[in-house]
């Protein structure tokens, strides 16, 4: 069973490329979660009363703007990276050019990294917004290409059923 996964990974270079960037993005998400926890500890701003009690008392059961910023960055990652994981996996299976696919994955990765840096380092506007928009371009491109590739299968039976009524 393990051998079949190895063959799939090695034979589908687009999928291997996708996996590479996806794993980097997931690691980035874990790092943001760790950063959020560290900022909570440093600022003594805990989300749960039991954590506040453990670290100095209930007065530390509070919100903090820096913690909230980290949480927004993490939430934005979840809202954007999770769809990328689906789109990229399916896109890898429709047989795109390796160079084009790599460009899609790399652009998404680089601009999500810039988006995170802009969020956490409070870079000047519109850096974060531009990074967000540019990262969406490859996702939209992949979605359109996937829809084009599968539309004939999705619609042909339905149209045939309607005609045969």
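In case you wondered, yes, glycine gets a Cβ from its N, Cα and C as well.
Residues 9, 67, 70-71, 73-74, 77-78, 81, 84-85, 88-89, 91-92, 101, 105-106, 108-109, 112-113, 116, 120 of the same chain sit 6 or more residues outside the transmembrane segment (18-36) yet have a Cβ under 8 Å from a Cβ within it. The transmembrane segment feature in TrEMBL is assigned to 18-36 (among others).
Summarising the annotation, TrEMBL assigns transmembrane segment to 81-99 (among others).
Among the features that TrEMBL reports, transmembrane segment is placed at 105-123 (among others).
Sequence-distant neighbours of the transmembrane segment (130-154) (same chain, 6+ residues past either end, Cβ-Cβ under 8 Å): 76, 80, 83-84, 87-88, 90-91, 94, 96, 103-105, 107-108, 111-112, 114-115, 118. For 130-154 (among others), the entry in TrEMBL reads transmembrane segment.
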